[in-house]
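Asks: From Swiss-Prot, for reference:
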type: TRANSMEM; residues: 5-23; note: transmembrane segment
type: TRANSMEM; residues: 33-55; note: transmembrane segment
type: TRANSMEM; residues: 62-84; note: transmembrane segment
type: TRANSMEM; residues: 94-116; note: transmembrane segment
type: TRANSMEM; residues: 123-145; note: transmembrane segment
type: TRANSMEM; residues: 155-177; note: transmembrane segment
type: TRANSMEM; residues: 222-239; note: transmembrane segment
type: TRANSMEM; residues: 254-273; note: transmembrane segment
type: TRANSMEM; residues: 280-302; note: transmembrane segment
type: TRANSMEM; residues: 312-334; note: transmembrane segment
Amino acid sequence: MNTRPFYFGLIFIAIIAILANYLGNTDFSHHYHISALIIAILLGMAIGNTIYPQFSTQVEKGVLFAKGALLRTGIVLYGFRLTFGDIADVGLNAVVTDAIMLISTFFFTALLGIRYLKMDKQLVYLTGAGCSICGAAAVMAAEPVTKAESHKVSVAIAVVVIFGTLAIFTYPLFYTWSQHLINAHQFGIYVGSSVHEVAQVYAIGENIDPIVANTAVISKMIRVMMLAPFLLMLSWLLTRSNGVSENTSHKITIPWFAVLFIGVAIFNSFDLLPKELVKLFVEIDSFLLISSMAALGLTTQASAIKKAGLKPFVLGILTYLWLVVGGFLVNYGISKLI
């Protein structure tokens, strides 16, 4: 068995990931809140649509491994970023709000995209995952469950990145208007429950107030912890929608990496490992996710994205409006009830 395409592919991916990580830590990237994940997929797409086809057979096995196994490992290790103690810091209000926003946003996106915009179901589910939970990371986590092609994943990531970035500029303006309705703590929950990416949530909070920032990040991480049950629900929905009756012996596909993700988060909650080791796991996790994004970019053809048309972005802006307006109404209502 020729293993050279496997190892050469991993080395090639590692080089792109290292470059993306370096660029993601520059002052320019920090100022404009451009993460290494986004840089990795852009670099991957740039190479994938120019010189990569000339030597793809020499590295393809390693690239596909990075896109699959490294992604799943990265999602599992993501659990080291979370503890269940975080929930106590923001209270039941945030948990209920996050759950309502996750469910309502996903089904809003699915209904709008499939029934009214007549879009590809896989693309809609990926976009819904990204808008409902944690942006690009959720899209990547949903990819093995939906079994979507690379270009669909890239389109979904583009949608959540564009409108999540827009949120960085609009939410601080909205805070000024809403101060007479909700306090800083409640606005932090609103940000954490409705903005796409963790980095975007942090950026918004830092631009407003320390209380908003701390509450928003914790609220967002609670939303991230809902990734595993969401993937199980998505797997069940896909099985049912594919025409599997309750009387058949067909088994629902369980995304075990999602279950392990929760297991790691539970383990991390007991604070058994030295903080330096946990920090190392988080750094390894970041590199694995950056690597898988680079592999995703390499296997994405620009022509396939162009073929998707404007509908994904129409879906993105309508979902964004739901997150901003509907999200505020949900947060305001919950704050009065709990």
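Any Cβ shown, glycine's included, is placed from N, Cα and C.
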Asks: Does the transmembrane segment (222-239) reach the transmembrane segment (254-273) with at least 3 CB pairs under 8 A, where each pair is 6 or more residues apart?
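Replies: The transmembrane segment (254-273) and the transmembrane segment (222-239): touching, yes.
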Asks: Near the transmembrane segment (5-23), which same-chain residues lie under 8 Å Cβ to Cβ, leaving out any that are not at least 6 residues past its ends?
Replies: 29, 36-37, 39-40, 43-44, 47, 57-66, 286-287, 290-291, 293-295, 298
Asks: Quick one: find which recorded stretch in 33-55, 94-116, 123-145, 155-177, 312-334 has the most Cβ pairs under 8 Å with the transmembrane segment (62-84).
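Replies: Selected stretch: 123-145, with the most Cβ pairs under 8 Å.
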Asks: In terms of Cβ proximity under 8 Å, which residues at least six beyond the ends of the transmembrane segment (254-273) contact it?
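Replies: Long-range Cβ neighbours of the transmembrane segment (254-273): 72-73, 75-80, 82-85, 141, 144-145, 225, 227-229, 231-232, 235.
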Asks: Take a look at 94-116, 155-177, 280-302, 312-334 and tell me which one has the most Cβ pairs under 8 Å to the transmembrane segment (33-55).
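Replies: The stretch with the most contacts is 280-302.
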Asks: For the transmembrane segment (280-302), which recorded stretch in the set 94-116, 123-145, 312-334 gives the largest number of Cβ pairs separated by under 8 Å?
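Replies: Result: 123-145.
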Asks: When you scan the chain for residues with a C-beta under 8 Å from the transmembrane segment (123-145), skipping those not six or more beyond its ends, what do you find?
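Replies: Answer is 37-38, 41, 68, 71-72, 75, 78, 101-103, 105-107, 109-110, 113-114, 152-153, 155-157, 159-161, 163-164, 196-198, 200, 220, 223-224, 226-227, 230-231, 234-235, 238, 253, 255, 257-258, 289, 292-293, 296, 308, 312, 315-316, 319-320, 323.
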Asks: Could you pull out which residues elsewhere in the chain have a CB under 8 Å from any CB of the transmembrane segment (155-177), counting only those six or more residues past its ends?
Replies: 33, 38, 41, 123, 126-127, 129-131, 135-136, 139-140, 187, 191, 194-197, 200, 203-204, 207-209, 212, 296, 305, 308, 312-313, 315-317, 319-320, 323-324, 328
Asks: Counting only residues 6 or more past its boundaries, what in the same chain has a CB within less than 8 Å of a CB in the transmembrane segment (312-334)?
Replies: 93, 96-97, 100-101, 104-105, 108-109, 112-113, 117, 119, 123-124, 127-128, 131, 155-156, 158-160, 162-163, 166-167, 170-171, 174, 178, 181-182, 186, 189-190, 193-196
